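Since the structure comes first, as C-alpha cells, the remarks are kept for the end.
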Amino acid sequence: MLAVRGARCLACSVVVVLLASAGACRREPAASDERAQAKPGPERATASEAASLVRKDGTIFAETELMGTHVSINLWVGTKGDALAASEAITDAMTEMARIEAIASEWRETSDLSRVNRQDGGQGVPVEVPPELVEILGRAAAISADTEGLFDVSFYSVGQLWRFEAGSKPPPAEAIAAQLPSVDWRAVELDAGAGTVALAKPGMKIGLGAIAKGYAVDRASALLHERGFANHIVEAGGDTQVSGKKGAESWRVGVQDPDETVGRVGHIVARDEAVVTSGNYARYFEWDGVHYTHILDPRTGWPIPVDRSPKSVTLIAQTATDADAYCTAVSVMTPEQGLAFVEARAQLEAVIIGPDGQLHVSSGLGERFVREDG
C-alpha cells in the first residue's frame, strides 16, 4: 500500500510519494540505490500503513519533483524503527527543500532571489534577504574566490541568453559581449550583519542553480538528523548527501557512464559526505556541426569546447552545497587541471571522465571508488 501526504509550503505544493515495500522496482542508471515506480494513494499514512512502507532492506523510499528536477530520499529505519515518524520526517524534509526553492530560485518570480534581481537591477542598492540566502551567497563568494571565478553566481545575465533544447542555436555574439561585463562575483556586495545584498554592476543578476540545490539537500539531511534519522540518502538531480549507513552496509553512489543511457563506470562507497555529478552529456544542442554543451565558461560566456572538457565530473565534499559549486568549477577545467585542483584541496575528491573516456580519480578516494566495467 502506498501513502501520499501533501504539504503546502509558501507558493508551492509538495506531493511526496512514499513507496510501499511490495512495489515493483526498476533500476535507475548510476543511482544511489533502487527506485520504484509508484502511484498516489491515501493522503496520510496510519501506523500500520507506515510499517508497510519499510522495504526488505529496512529502508523507506520517497520521491517528488522540486527545483525543476527529481528529488528522492532513501532512509534506513531497520525492522524495529519508527516507520510512521520516519515517513513524517521525510515529508517535512522535502517541504524544507521546497521552502529553500521559494527563497533561492531565479526561476520563481516570487522568490527572494528574484526580488533582489528585480529591485536592485545592478544599481548597488542593498536589499534585505532571508538568512538562508545570506548563507548561500556567503559560501558562494568563498568558493568563487577559491576557484578564481570559475564558479560565479553573477553569471545569470549571460546564462539567460542560452537555451539547450532540441532546435536551439547560439545567441548572437554581440549579445554575449554586451552582458559579459556584468559578470563579476566581487561585485555581489553581501552584508551578513545587516542581512542585505547589493549588485554593484549594471545589468548584473544572480543565479544560484549551481549551489542552491546542494544547499537544499543539506537542509533536508540536517532535518532528518534532527528527527533522529541519521542513516539516509537525499538526492536532487545529481546532488547527493549520504549520511550514516544502510544497516550493516555502506551506501553506494553510482558514477554514470556518460556514453551509455543506462549503466555506470563504477560506484563510490560513501558515508557522511556529499557526491555531486555534472556532465556535458545531459543538456546540449548541435548547430552548424558544432556540439554546444550546457556547461558555460563564465570567463567567455560560451560553452566549454567538448574536445578538451570533461564528459563528466563527480565531486565529493563534506556538504552538497560545496560539492555542487566545486563540481561546476571543475567542469570548466580540463581533466588534468581539474584533478590537480582537487588534489591540492584535502576536503575534495573527484572522479573525472575525460573527453577520450579516460578516468581521472583523485588519490584520496583510494579503494572507495570501485570500477564496474570489468
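Each residue, glycine too, has its Cβ placed from N, Cα and C.
Keep in mind it's a predicted model, so treat the numbers as computed, not measured.
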Inset, instruction - Figure out which of Ala200, Ala210, Ala212, Ala216 sits with Asp324, Thr328 in the Mg(2+) site per TrEMBL. - result: Ala210
Legend entry - Listed range which TrEMBL flags as region 'Disordered', given the options 29-51, 98-120, 351-373: 29-51
Legend entry - Shell of the Mg(2+) site beyond Ala210, Asp324, Thr328, same chain only (C-beta within 8 angstroms of their C-beta centre): Phe151, Gly209, Ile211, Lys213, Gly214, Val276, Ser278, Ala325, Tyr326, Cys327, Ala329
Inset, instruction - Could you tally the C-beta atoms, other than its own, that fall within 10 angstroms of the C-beta of Asp324 (Mg(2+) binding site)? - result: 32
